[in-house]
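Look at TrEMBL and you will find 6-22, 43-62, 74-96, 170-189, 201-219, 285-306, 318-336, 348-369, 390-406, 412-429 tagged as transmembrane segment.
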Amino acid sequence: MEVFYYIVFGVLGLVVAALELSKNNKDRINTSSAFNSFKNNYLIVYSLMMAGDWLQGPYVYYLYSTYGFSKGDIGQLFIAGFGSSMLFGTIVGSLADKQGRKRACVTYCITYILSCVTKHSPQYKVLMVGRVLGGIATSLLFSSFESWLVAEHNKRGFEQQWLSVTFSKAVFFGNGLVAIIAGLFGNLLVHSFSLGPVAPFDAAACFLAIGMAVILSSWTENYGDPSESKDLLTQFRGAAVAIASDEKIALLGAIQSLFEGSMYTFVFLWTPALSPNDEEIPHGFIFATFMLASMLGSSLASRLLSRSSPKVESYMQIVFLISAASLLLPILMTYFVEPSKVKGGGISFSGCFQLLGFCIFEACVGLFWPSIMKMRSQYIPEEARSTIMNFFRIPLNIFVCVVLYNVNAFPITVMFGMCSIFLFVASLLQRRLMMIVDKPKTNDWTPLSERNTEEDPLNI
């Protein structure tokens, strides 16, 4: 492995360590022991859930290829996963508001464990069922856990600002440290122990089972709107009206879809961008480097969220602009650096610059997650939190399915350019959101259960 990779990883590690060790009282929020106990319990569960997810990611494509499926067949399996998340996942995730968020989190564990079990079969139909189950689980992961946390936090009477502590720590550990450890552990199982590409999925199932046991033994149930008079269709209509009637919610959904759509597209593009001539690059080590960059971003977010200024709505404009600029690097390299025509070998000079730019983008991802969680906790009504959050994922999943279907139809520079434009638009929408928030408030959100049916279409 080239020294360059070690240098980048080492520098990022030192910066993250310096940020964490240099925090002073201004960068920390004083909390109670009761809150710390609650927070730590959630972080354990969330980290186990993310370990179950991260262990699978690097080996899904590899497993399918070892079963002898073509690139086209594998692409269809991936599309089925995102399509399932959009259709079935939205319905199942929305049931959390009515049937209970704790139940939804347990359902995530069971669904994802079953998805892992299907990986033992080389049958295409069985693997397709596994992708459908995985898509449902993904929707639950990115809506039910956050919905449970926010509702339980408020129910226990903790200060609203303390939520940002949990959010930033969850991203730092769950999306950063756990991802790095999961990548290394998966590599150990597959290559060092020679257990085969299905081993990470078995390990993931074990972590999910442990997490489910913790949920069942220590979590209490909470609901959005448990009214028996409201069926699923009514919930959908209420969520749609809430998005249409509150510009803040609509803007937040658009911002999330644009950023996450670009992020998931980046997942498919970074490998061909860094190895256009089949250069030998250490995928696992680069993935760990990206996760370390994400930890850097979440560490910065924890500092920013602990202070009253700048507001999250303000600094996120800059984050989106920086992320847009970082994904322009592959395009700029084609104009200013003559592309290498040598097949194989190590990473090129252009690839080195692009890797640094991609690390900047991953740092922006680390900033994005706790910040968007903070804004969602402020603007999305509690009664329909899971439903609205799953509505946000519909355009995201449509976008990713379209990208997957046409991934070979456009040059890679066009794809990066498209992502950069989306991120720039997200910055503009973020500015609009900040302008609305800064305006004097004329009225507050009225809970769905308190609204009059004839006066308010949300209470259908």
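The backbone N, Cα and C atoms fix where each Cβ goes, and this holds for glycine too.
TrEMBL labels come from automatic prediction, so no person has curated them.
Counting Cβ pairs under 8 Å that are 6 or more residues apart, the transmembrane segment (318-336) and the transmembrane segment (6-22) reach fewer than 3 and are not in contact.
In this chain, the transmembrane segment (170-189) lies in contact with the transmembrane segment (43-62); the count of Cβ pairs under 8 Å, excluding pairs fewer than 6 apart in sequence, is at least 3. Looking at 201-219, 285-306, 390-406, the range that has the most CB pairs within less than 8 A of the transmembrane segment (348-369) turns out to be 285-306.
Counted as Cβ pairs under 8 Å, contacts with the transmembrane segment (74-96) are highest for 390-406 among 6-22, 170-189, 201-219, 285-306, 390-406. Highlighted: of the candidate stretches 6-22, 201-219, 285-306, 390-406, 285-306 has the greatest count of Cβ pairs under 8 Å to the transmembrane segment (170-189). Spatially, the transmembrane segment (6-22) is adjacent to the transmembrane segment (285-306); three or more Cβ-Cβ distances between them are under 8 Å for residues at least 6 apart in sequence. Long-range contacts of the transmembrane segment (390-406) within the same chain: residues 75, 78-79, 82-83, 85-86, 89-90, 93-94, 139, 142-143, 236, 239-240, 243, 252-253, 256-257, 260-261, 264-265, 268, 415, each at least 6 residues beyond the stretch ends and with a Cβ under 8 Å from a Cβ of the stretch.
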